[in-house]
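Beneath this line is the structure, given in C-alpha coordinates, with notes to follow.
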Amino acid sequence: MFLSHTLTRKKEKFVPIEKGKVGIYSCGPTVYRDIHIGNLRTYLAADILKRLLIYNGYKVKHIKNITDVGHMRTDPTASKLRGASEATTYDPIITEALEQGKTPQQIAETYTQKFLEDEKRLNILPADTFPKATEHIKEMIEMTKALLDKGYAYVADGTIYFSVKKFKDYGKLSGNTLNKMGKLLAAVRVATETDKKDSADFALWKKAEEDRSLKWASPWGEGFPGWHIECSAMSMKYLGPHFDIHTGAEDNIFPHHEDEIAQSEAATGEKFVNYWIHAGFLLVDGKKMARREGNVYTVSDIVEKGFKPLALRYLSLTAHYRSRLNFTWKSLEAAATALNNLYREVTGYATADVPKVGCAEYEQRFLAAVNDDIDTPTALSIVQELVGSDYPPSAKLQSLFKFDQVLGLDLEKVAGEASQVPDKVKELVQEREKARKDNDFKTADKIRTQIKSKGYEVVDTEKGPKLKKILRS
(Lines of atoms letter the chains of each structure in order from A and count residues from 1; the text may use other names and numbers.)
(Lines give C-alpha, C1' and ligand atoms only; values in the text may rest on other atoms or scores of the structure.)
Protein backbone atom coordinates (compact mmCIF):
# COMPACT_ATOMS: atom_id res chain seq x y z
CA MET A 1 0.00 0.00 0.00
CA PHE A 2 1.43 3.37 -1.08
CA LEU A 3 0.44 6.88 0.05
CA SER A 4 1.50 10.37 -1.02
CA HIS A 5 3.33 11.87 1.96
CA THR A 6 3.11 15.67 1.93
CA LEU A 7 6.30 16.13 3.96
CA THR A 8 8.56 14.13 1.64
CA ARG A 9 6.66 15.07 -1.54
CA LYS A 10 6.85 11.39 -2.48
CA LYS A 11 4.60 8.38 -2.82
CA GLU A 12 5.77 6.07 -0.05
CA LYS A 13 5.05 2.52 1.01
CA PHE A 14 2.93 2.53 4.12
CA VAL A 15 4.60 0.86 7.09
CA PRO A 16 2.77 1.12 10.45
CA ILE A 17 4.58 1.88 13.69
CA GLU A 18 3.01 -1.19 15.27
CA LYS A 19 2.36 -4.25 13.11
CA GLY A 20 -1.32 -4.65 12.23
CA LYS A 21 -2.41 -1.40 13.91
CA VAL A 22 -2.81 2.17 12.64
CA GLY A 23 -3.46 5.41 14.48
CA ILE A 24 -5.10 8.25 12.50
CA TYR A 25 -5.86 11.81 13.58
CA SER A 26 -8.15 14.01 11.47
CA CYS A 27 -8.61 17.73 12.00
CA GLY A 28 -12.32 18.08 12.69
CA PRO A 29 -14.72 21.02 12.28
CA THR A 30 -15.19 24.26 14.17
CA VAL A 31 -18.84 23.90 15.14
CA TYR A 32 -20.65 27.21 14.72
CA ARG A 33 -22.61 26.64 11.49
CA ASP A 34 -23.56 23.79 9.14
CA ILE A 35 -20.51 22.08 7.66
CA HIS A 36 -20.24 22.75 3.93
CA ILE A 37 -19.48 20.15 1.28
CA GLY A 38 -15.90 21.38 0.90
CA ASN A 39 -15.12 20.39 4.48
CA LEU A 40 -16.98 17.13 3.97
CA ARG A 41 -14.89 16.30 0.90
CA THR A 42 -11.85 16.23 3.22
CA TYR A 43 -13.64 13.94 5.70
CA LEU A 44 -14.72 11.68 2.83
CA ALA A 45 -11.08 11.35 1.75
CA ALA A 46 -10.07 10.38 5.29
CA ASP A 47 -12.94 7.88 5.40
CA ILE A 48 -11.81 6.16 2.20
CA LEU A 49 -8.29 5.94 3.63
CA LYS A 50 -9.61 4.47 6.87
CA ARG A 51 -11.79 1.94 5.01
CA LEU A 52 -8.83 0.97 2.82
CA LEU A 53 -6.64 0.32 5.85
CA ILE A 54 -9.36 -1.89 7.34
CA TYR A 55 -9.73 -3.64 3.95
CA ASN A 56 -6.00 -4.40 4.10
CA GLY A 57 -6.44 -6.03 7.49
CA TYR A 58 -5.33 -3.24 9.82
CA LYS A 59 -7.00 -2.42 13.11
CA VAL A 60 -7.55 1.33 12.95
CA LYS A 61 -7.87 3.78 15.84
CA HIS A 62 -9.28 7.03 14.48
CA ILE A 63 -9.49 10.32 16.35
CA LYS A 64 -11.35 13.36 14.97
CA ASN A 65 -11.49 16.48 17.11
CA ILE A 66 -14.38 18.86 17.60
CA THR A 67 -13.29 22.50 17.86
CA ASP A 68 -15.91 23.96 20.19
CA VAL A 69 -13.92 27.07 21.10
CA GLY A 70 -12.82 29.83 18.74
CA HIS A 71 -9.21 31.00 18.61
CA MET A 72 -9.67 34.65 17.71
CA ARG A 73 -8.39 37.20 20.22
CA THR A 74 -11.23 39.72 19.97
CA ASP A 75 -14.62 38.92 21.46
CA PRO A 76 -17.52 40.34 19.40
CA THR A 77 -19.06 41.54 22.68
CA ALA A 78 -16.21 44.04 22.80
CA SER A 79 -15.78 44.63 19.08
CA LYS A 80 -18.20 43.76 16.30
CA LEU A 81 -21.36 44.40 18.28
CA ARG A 82 -19.96 47.70 19.59
CA GLY A 83 -19.20 49.24 16.24
CA ALA A 84 -15.65 47.98 15.68
CA SER A 85 -14.16 47.79 12.22
CA GLU A 86 -15.40 44.88 10.09
CA ALA A 87 -11.76 43.90 9.64
CA THR A 88 -11.53 43.17 13.37
CA THR A 89 -11.16 39.46 14.04
CA TYR A 90 -13.78 37.79 16.17
CA ASP A 91 -14.65 34.45 17.67
CA PRO A 92 -17.21 32.72 15.39
CA ILE A 93 -18.77 30.52 18.09
CA ILE A 94 -19.34 33.41 20.48
CA THR A 95 -20.65 35.59 17.65
CA GLU A 96 -23.13 32.95 16.50
CA ALA A 97 -24.29 32.50 20.10
CA LEU A 98 -24.95 36.24 20.45
CA GLU A 99 -26.79 36.39 17.14
CA GLN A 100 -29.03 33.43 18.05
CA GLY A 101 -29.50 34.41 21.69
CA LYS A 102 -27.90 31.18 22.93
CA THR A 103 -24.80 30.20 24.87
CA PRO A 104 -21.60 29.22 23.04
CA GLN A 105 -22.02 25.72 24.48
CA GLN A 106 -25.51 25.42 22.98
CA ILE A 107 -24.23 26.55 19.58
CA ALA A 108 -21.34 24.08 19.68
CA GLU A 109 -23.56 21.18 20.71
CA THR A 110 -26.19 21.96 18.05
CA TYR A 111 -23.70 22.06 15.20
CA THR A 112 -21.71 19.10 16.51
CA GLN A 113 -24.84 16.97 16.23
CA LYS A 114 -25.57 18.35 12.76
CA PHE A 115 -22.03 17.52 11.68
CA LEU A 116 -22.31 13.96 12.97
CA GLU A 117 -25.62 13.56 11.15
CA ASP A 118 -24.08 14.82 7.89
CA GLU A 119 -21.24 12.32 8.25
CA LYS A 120 -23.78 9.56 8.82
CA ARG A 121 -25.73 10.57 5.71
CA LEU A 122 -22.52 10.35 3.68
CA ASN A 123 -21.79 6.91 5.15
CA ILE A 124 -18.59 8.16 6.81
CA LEU A 125 -17.53 5.68 9.47
CA PRO A 126 -17.57 7.35 12.90
CA ALA A 127 -14.24 8.05 14.56
CA ASP A 128 -13.40 6.03 17.66
CA THR A 129 -13.27 9.28 19.64
CA PHE A 130 -14.47 12.82 18.94
CA PRO A 131 -12.55 14.79 21.60
CA LYS A 132 -13.80 18.31 22.27
CA ALA A 133 -11.33 21.15 22.67
CA THR A 134 -13.10 22.56 25.74
CA GLU A 135 -12.68 19.23 27.53
CA HIS A 136 -8.90 19.18 26.99
CA ILE A 137 -7.80 22.61 28.20
CA LYS A 138 -5.67 20.94 30.90
CA GLU A 139 -3.64 19.06 28.28
CA MET A 140 -3.13 22.24 26.25
CA ILE A 141 -1.91 24.17 29.29
CA GLU A 142 0.47 21.35 30.23
CA MET A 143 1.93 21.28 26.72
CA THR A 144 2.34 25.06 26.74
CA LYS A 145 4.17 24.88 30.10
CA ALA A 146 6.49 22.20 28.69
CA LEU A 147 7.38 24.40 25.71
CA LEU A 148 8.09 27.34 28.02
CA ASP A 149 10.29 25.16 30.22
CA LYS A 150 12.28 23.98 27.18
CA GLY A 151 12.81 27.52 25.91
CA TYR A 152 10.69 27.20 22.77
CA ALA A 153 8.05 29.68 23.94
CA TYR A 154 7.85 33.08 25.63
CA VAL A 155 5.26 35.16 27.49
CA ALA A 156 4.15 38.55 26.20
CA ASP A 157 1.47 40.34 28.23
CA GLY A 158 -0.31 37.13 29.27
CA THR A 159 -0.11 35.49 25.83
CA ILE A 160 2.34 32.65 25.18
CA TYR A 161 3.96 32.44 21.76
CA PHE A 162 6.00 29.70 20.13
CA SER A 163 9.30 31.03 18.78
CA VAL A 164 9.64 29.47 15.34
CA LYS A 165 13.31 30.43 15.07
CA LYS A 166 14.02 28.09 17.99
CA PHE A 167 12.75 25.11 15.95
CA LYS A 168 15.35 24.48 13.26
CA ASP A 169 13.09 22.33 11.06
CA TYR A 170 10.29 24.89 10.83
CA GLY A 171 8.91 24.93 7.29
CA LYS A 172 9.76 21.33 6.42
CA LEU A 173 6.14 20.35 5.73
CA SER A 174 5.06 23.35 3.64
CA GLY A 175 8.46 24.27 2.21
CA ASN A 176 7.98 27.83 3.42
CA THR A 177 11.00 29.77 4.66
CA LEU A 178 11.04 32.20 7.57
CA ASN A 179 11.99 35.20 5.42
CA LYS A 180 8.62 35.09 3.65
CA MET A 181 6.41 34.18 6.61
CA GLY A 182 4.86 37.64 7.02
CA LYS A 183 3.39 37.67 3.52
CA LEU A 184 2.30 34.04 3.79
CA LEU A 185 0.50 34.60 7.08
CA ALA A 186 -1.31 37.59 5.63
CA ALA A 187 -2.29 35.51 2.59
CA VAL A 188 -3.94 32.86 4.77
CA ARG A 189 -5.52 35.57 6.95
CA VAL A 190 -3.72 34.79 10.19
CA ALA A 191 -3.69 37.71 12.61
CA THR A 192 -0.17 39.00 13.30
CA GLU A 193 -0.21 40.42 16.82
CA THR A 194 2.15 43.31 17.53
CA ASP A 195 3.51 41.85 20.78
CA LYS A 196 5.29 38.97 19.02
CA LYS A 197 9.07 38.85 18.78
CA ASP A 198 8.72 37.64 15.19
CA SER A 199 5.74 37.86 12.84
CA ALA A 200 5.95 34.09 12.20
CA ASP A 201 5.61 33.21 15.90
CA PHE A 202 2.24 31.72 16.75
CA ALA A 203 0.11 31.75 19.88
CA LEU A 204 -0.09 28.70 22.12
CA TRP A 205 -2.27 30.40 24.72
CA LYS A 206 -4.00 33.77 24.41
CA LYS A 207 -4.82 36.32 27.05
CA ALA A 208 -8.58 36.79 27.27
CA GLU A 209 -10.40 40.11 27.14
CA GLU A 210 -12.12 40.97 30.39
CA ASP A 211 -15.65 40.36 29.10
CA ARG A 212 -14.88 37.31 26.96
CA SER A 213 -17.40 34.53 27.62
CA LEU A 214 -15.18 31.53 26.76
CA LYS A 215 -12.03 31.64 28.89
CA TRP A 216 -10.14 29.50 31.40
CA ALA A 217 -7.78 30.00 34.32
CA SER A 218 -4.10 29.36 33.61
CA PRO A 219 -0.70 30.05 35.21
CA TRP A 220 -0.58 33.20 33.03
CA GLY A 221 -4.04 34.50 33.87
CA GLU A 222 -7.40 33.93 32.21
CA GLY A 223 -7.14 32.94 28.58
CA PHE A 224 -8.03 30.53 25.82
CA PRO A 225 -6.07 28.17 23.54
CA GLY A 226 -4.45 29.11 20.27
CA TRP A 227 -5.47 27.51 17.01
CA HIS A 228 -2.84 24.78 16.72
CA ILE A 229 -2.29 23.60 20.29
CA GLU A 230 -5.57 21.70 20.56
CA CYS A 231 -4.78 19.24 17.76
CA SER A 232 -1.32 18.48 19.14
CA ALA A 233 -2.58 18.03 22.69
CA MET A 234 -5.55 15.85 21.79
CA SER A 235 -3.86 13.72 19.13
CA MET A 236 -1.02 12.87 21.50
CA LYS A 237 -3.40 12.15 24.37
CA TYR A 238 -5.27 9.50 22.38
CA LEU A 239 -2.59 8.22 19.98
CA GLY A 240 0.66 8.91 21.80
CA PRO A 241 3.52 11.32 20.98
CA HIS A 242 4.31 9.49 17.72
CA PHE A 243 1.58 8.06 15.51
CA ASP A 244 0.99 6.89 11.96
CA ILE A 245 -1.23 9.23 9.94
CA HIS A 246 -2.51 12.80 10.19
CA THR A 247 -5.14 13.93 7.65
CA GLY A 248 -6.53 17.28 6.61
CA ALA A 249 -7.21 19.56 3.66
CA GLU A 250 -4.53 21.23 1.57
CA ASP A 251 -5.14 24.55 3.35
CA ASN A 252 -4.20 22.89 6.66
CA ILE A 253 -0.62 22.37 5.48
CA PHE A 254 0.33 25.94 6.36
CA PRO A 255 0.20 27.24 8.95
CA HIS A 256 -1.83 24.72 10.95
CA HIS A 257 0.02 21.46 10.35
CA GLU A 258 3.39 23.19 10.07
CA ASP A 259 2.81 24.66 13.53
CA GLU A 260 1.54 21.35 14.90
CA ILE A 261 4.79 19.69 13.90
CA ALA A 262 6.90 22.45 15.43
CA GLN A 263 5.20 22.54 18.83
CA SER A 264 4.75 18.76 19.08
CA GLU A 265 8.30 17.78 18.17
CA ALA A 266 9.72 20.59 20.30
CA ALA A 267 7.68 19.36 23.28
CA THR A 268 8.51 15.66 22.95
CA GLY A 269 11.89 15.68 21.23
CA GLU A 270 10.73 13.00 18.78
CA LYS A 271 9.00 12.64 15.43
CA PHE A 272 5.32 13.55 15.59
CA VAL A 273 3.64 11.88 12.58
CA ASN A 274 4.86 9.35 10.00
CA TYR A 275 2.51 10.24 7.12
CA TRP A 276 0.81 13.56 6.36
CA ILE A 277 -2.12 13.06 3.97
CA HIS A 278 -3.90 16.08 2.49
CA ALA A 279 -7.02 16.30 0.32
CA GLY A 280 -7.46 18.84 -2.45
CA PHE A 281 -10.06 21.60 -2.38
CA LEU A 282 -13.59 21.20 -3.60
CA LEU A 283 -14.37 24.03 -6.02
CA VAL A 284 -17.83 25.14 -7.08
CA ASP A 285 -18.16 26.01 -10.77
CA GLY A 286 -14.40 26.40 -10.86
CA LYS A 287 -14.26 28.85 -7.95
CA LYS A 288 -13.41 28.52 -4.27
CA MET A 289 -16.44 28.38 -2.05
CA ALA A 290 -17.22 31.73 -0.42
CA ARG A 291 -20.37 33.02 1.20
CA ARG A 292 -19.99 36.31 -0.66
CA GLU A 293 -20.13 34.29 -3.91
CA GLY A 294 -23.29 32.49 -2.79
CA ASN A 295 -21.74 29.14 -3.69
CA VAL A 296 -21.44 27.49 -0.28
CA TYR A 297 -23.53 24.31 -0.17
CA THR A 298 -24.38 21.81 2.55
CA VAL A 299 -25.68 18.25 2.51
CA SER A 300 -29.15 19.63 3.22
CA ASP A 301 -28.91 21.80 0.09
CA ILE A 302 -28.14 18.67 -1.92
CA VAL A 303 -31.09 16.80 -0.44
CA GLU A 304 -33.41 19.76 -1.09
CA LYS A 305 -32.40 19.58 -4.76
CA GLY A 306 -33.64 15.97 -4.83
CA PHE A 307 -30.30 14.15 -4.64
CA LYS A 308 -29.29 11.33 -2.33
CA PRO A 309 -26.36 12.33 -0.06
CA LEU A 310 -24.39 9.34 -1.38
CA ALA A 311 -24.38 10.98 -4.82
CA LEU A 312 -21.87 13.43 -3.33
CA ARG A 313 -19.82 10.51 -2.04
CA TYR A 314 -19.82 8.95 -5.51
CA LEU A 315 -18.80 12.29 -7.03
CA SER A 316 -15.86 12.52 -4.63
CA LEU A 317 -14.70 9.07 -5.75
CA THR A 318 -14.51 10.20 -9.38
CA ALA A 319 -11.52 12.44 -8.61
CA HIS A 320 -8.26 11.54 -6.89
CA TYR A 321 -8.33 12.76 -3.30
CA ARG A 322 -5.26 14.99 -3.84
CA SER A 323 -6.80 16.63 -6.92
CA ARG A 324 -9.14 19.56 -6.74
CA LEU A 325 -12.71 18.46 -7.39
CA ASN A 326 -15.00 20.80 -9.29
CA PHE A 327 -18.57 20.58 -8.01
CA THR A 328 -21.41 21.56 -10.30
CA TRP A 329 -25.04 20.53 -10.16
CA LYS A 330 -24.52 18.89 -13.54
CA SER A 331 -21.58 16.82 -12.24
CA LEU A 332 -23.62 15.82 -9.19
CA GLU A 333 -26.48 14.76 -11.47
CA ALA A 334 -24.06 12.62 -13.49
CA ALA A 335 -22.76 11.05 -10.27
CA ALA A 336 -26.32 10.38 -9.09
CA THR A 337 -27.15 8.70 -12.41
CA ALA A 338 -24.03 6.52 -12.26
CA LEU A 339 -24.78 5.55 -8.67
CA ASN A 340 -28.39 4.65 -9.46
CA ASN A 341 -27.26 2.59 -12.44
CA LEU A 342 -24.93 0.70 -10.13
CA TYR A 343 -27.76 0.20 -7.64
CA ARG A 344 -29.98 -1.15 -10.44
CA GLU A 345 -27.31 -3.66 -11.40
CA VAL A 346 -26.90 -4.75 -7.79
CA THR A 347 -30.62 -5.15 -7.24
CA GLY A 348 -30.77 -7.20 -10.43
CA TYR A 349 -28.20 -9.58 -8.91
CA ALA A 350 -29.85 -9.59 -5.50
CA THR A 351 -31.84 -12.80 -5.98
CA ALA A 352 -28.70 -14.73 -6.93
CA ASP A 353 -27.03 -17.03 -4.44
CA VAL A 354 -23.83 -15.26 -3.42
CA PRO A 355 -20.85 -17.65 -3.59
CA LYS A 356 -17.79 -17.48 -1.39
CA VAL A 357 -15.61 -16.68 -4.41
CA GLY A 358 -16.06 -13.59 -6.55
CA CYS A 359 -14.21 -12.44 -9.64
CA ALA A 360 -10.54 -12.82 -8.72
CA GLU A 361 -9.20 -10.95 -11.74
CA TYR A 362 -11.21 -7.82 -10.92
CA GLU A 363 -10.57 -8.07 -7.20
CA GLN A 364 -6.81 -8.09 -7.80
CA ARG A 365 -7.04 -5.08 -10.12
CA PHE A 366 -9.25 -3.18 -7.68
CA LEU A 367 -6.86 -3.79 -4.79
CA ALA A 368 -3.91 -2.68 -6.90
CA ALA A 369 -5.71 0.56 -7.79
CA VAL A 370 -6.79 1.55 -4.30
CA ASN A 371 -3.45 0.53 -2.80
CA ASP A 372 -1.73 2.88 -5.24
CA ASP A 373 -2.34 6.11 -3.30
CA ILE A 374 -6.11 5.51 -3.11
CA ASP A 375 -6.76 5.71 -6.85
CA THR A 376 -10.56 5.78 -6.69
CA PRO A 377 -11.14 6.95 -10.29
CA THR A 378 -9.41 3.80 -11.56
CA ALA A 379 -11.24 1.73 -8.94
CA LEU A 380 -14.60 3.02 -10.22
CA SER A 381 -13.67 2.18 -13.80
CA ILE A 382 -12.87 -1.38 -12.67
CA VAL A 383 -16.28 -1.56 -11.00
CA GLN A 384 -17.94 -0.57 -14.29
CA GLU A 385 -15.88 -3.14 -16.22
CA LEU A 386 -16.93 -5.85 -13.78
CA VAL A 387 -20.60 -4.92 -14.13
CA GLY A 388 -20.33 -5.26 -17.91
CA SER A 389 -18.35 -8.51 -17.80
CA ASP A 390 -19.58 -12.05 -18.53
CA TYR A 391 -19.11 -13.28 -14.97
CA PRO A 392 -22.20 -14.78 -13.31
CA PRO A 393 -24.33 -12.24 -11.41
CA SER A 394 -23.69 -14.08 -8.15
CA ALA A 395 -19.90 -13.74 -8.55
CA LYS A 396 -20.22 -10.08 -9.54
CA LEU A 397 -22.26 -9.40 -6.43
CA GLN A 398 -19.66 -10.98 -4.17
CA SER A 399 -16.87 -8.83 -5.65
CA LEU A 400 -18.96 -5.66 -5.58
CA PHE A 401 -19.68 -6.20 -1.89
CA LYS A 402 -15.94 -6.48 -1.27
CA PHE A 403 -15.21 -3.32 -3.24
CA ASP A 404 -17.86 -1.45 -1.30
CA GLN A 405 -15.97 -2.04 1.94
CA VAL A 406 -13.67 0.67 0.56
CA LEU A 407 -16.09 2.72 -1.54
CA GLY A 408 -18.84 2.94 1.08
CA LEU A 409 -21.77 3.23 -1.34
CA ASP A 410 -24.13 0.94 0.63
CA LEU A 411 -24.35 -1.66 -2.15
CA GLU A 412 -25.02 -4.54 0.23
CA LYS A 413 -27.76 -2.60 1.99
CA VAL A 414 -29.44 -1.76 -1.33
CA ALA A 415 -29.19 -5.37 -2.49
CA GLY A 416 -30.58 -6.60 0.81
CA GLU A 417 -33.57 -4.29 0.60
CA ALA A 418 -34.19 -5.36 -3.00
CA SER A 419 -34.17 -9.05 -2.07
CA GLN A 420 -36.89 -8.51 0.52
CA VAL A 421 -39.79 -8.62 -1.92
CA PRO A 422 -43.25 -8.13 -0.34
CA ASP A 423 -45.51 -11.20 -0.42
CA LYS A 424 -48.13 -9.31 -2.44
CA VAL A 425 -45.59 -8.60 -5.20
CA LYS A 426 -44.54 -12.27 -5.24
CA GLU A 427 -48.20 -13.29 -5.62
CA LEU A 428 -48.62 -10.87 -8.53
CA VAL A 429 -45.54 -12.33 -10.25
CA GLN A 430 -47.02 -15.83 -9.94
CA GLU A 431 -50.40 -14.64 -11.28
CA ARG A 432 -48.69 -12.92 -14.20
CA GLU A 433 -46.64 -16.00 -15.01
CA LYS A 434 -49.81 -18.13 -15.03
CA ALA A 435 -51.51 -15.62 -17.36
CA ARG A 436 -48.52 -15.72 -19.72
CA LYS A 437 -48.60 -19.53 -19.83
CA ASP A 438 -52.33 -19.31 -20.62
CA ASN A 439 -51.50 -16.85 -23.43
CA ASP A 440 -53.57 -14.20 -21.63
CA PHE A 441 -51.11 -11.42 -22.43
CA LYS A 442 -53.61 -8.63 -21.78
CA THR A 443 -53.94 -9.76 -18.16
CA ALA A 444 -50.18 -10.31 -17.93
CA ASP A 445 -49.53 -6.72 -19.05
CA LYS A 446 -52.09 -5.41 -16.58
CA ILE A 447 -50.40 -7.29 -13.73
CA ARG A 448 -46.99 -6.00 -14.89
CA THR A 449 -48.34 -2.46 -14.45
CA GLN A 450 -49.58 -3.34 -10.95
CA ILE A 451 -46.15 -4.72 -10.05
CA LYS A 452 -44.48 -1.56 -11.37
CA SER A 453 -46.77 0.61 -9.25
CA LYS A 454 -45.40 -1.23 -6.22
CA GLY A 455 -41.82 -0.33 -7.12
CA TYR A 456 -40.67 -3.41 -9.05
CA GLU A 457 -39.94 -4.26 -12.65
CA VAL A 458 -40.42 -7.75 -14.10
CA VAL A 459 -37.73 -9.00 -16.47
CA ASP A 460 -38.58 -12.17 -18.38
CA THR A 461 -35.63 -14.54 -18.83
CA GLU A 462 -35.14 -18.09 -20.12
CA LYS A 463 -35.07 -19.26 -16.51
CA GLY A 464 -38.26 -17.45 -15.60
CA PRO A 465 -39.25 -13.97 -14.42
CA LYS A 466 -36.78 -11.86 -12.42
CA LEU A 467 -37.67 -8.86 -10.28
CA LYS A 468 -35.68 -5.63 -10.16
CA LYS A 469 -36.46 -2.92 -7.65
CA ILE A 470 -37.11 0.44 -9.31
CA LEU A 471 -34.75 3.05 -7.88
CA ARG A 472 -35.78 6.68 -7.99
CA SER A 473 -33.13 9.20 -9.08
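Any Cβ shown, glycine's included, is placed from N, Cα and C.
The model shown is predicted, which means the values in this text are computed figures rather than measured ones.
Sequence annotations record features per position, and here TrEMBL assigns domain 'tRNA synthetases class I catalytic' to 14-69 (among others). Secondary structure counts, DSSP: the domain 'tRNA synthetases class I catalytic' (14-69) has 19 helix, 17 strand, 20 coil.
Around Cys231 (Zn(2+) binding site), the C-beta neighbours below 8 angstroms that are at least 6 residues distant in the chain are Tyr25, Cys27, Asn65, His256, Glu260. Look at TrEMBL and you will find Cys27, Cys231, His256, Glu260 tagged as Zn(2+) binding site.
If you look up TrEMBL, you'll see 29-39 marked as motif ''HIGH' region'.
The annotation domain 'tRNA synthetases class I catalytic' is assigned in TrEMBL to 91-335 (among others).
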Note to self: Counting across all protein chains present, how many other Cβ atoms fall within 10 Å of the Cβ of His256 (Zn(2+) binding site)?
What the structure shows: 21
Item checked: binding-site residues (Cys27, Glu260), the one with most neighbouring Cβ atoms at 10 Å -> Glu260
Margin query: What is the set of residues, excluding Cys27, Cys231, His256, Glu260, whose C-beta falls within 8 angstroms of the centroid of the C-beta atoms at the Zn(2+) site?
Written below: Trp227, His228, Glu230, Ser232, His246, Gly248, Asn252, His257, Asp259
Notebook entry, point to check: Tell me, what is the mean pLDDT of the domain 'tRNA synthetases class I catalytic' (14-69)?
Noted result: 98
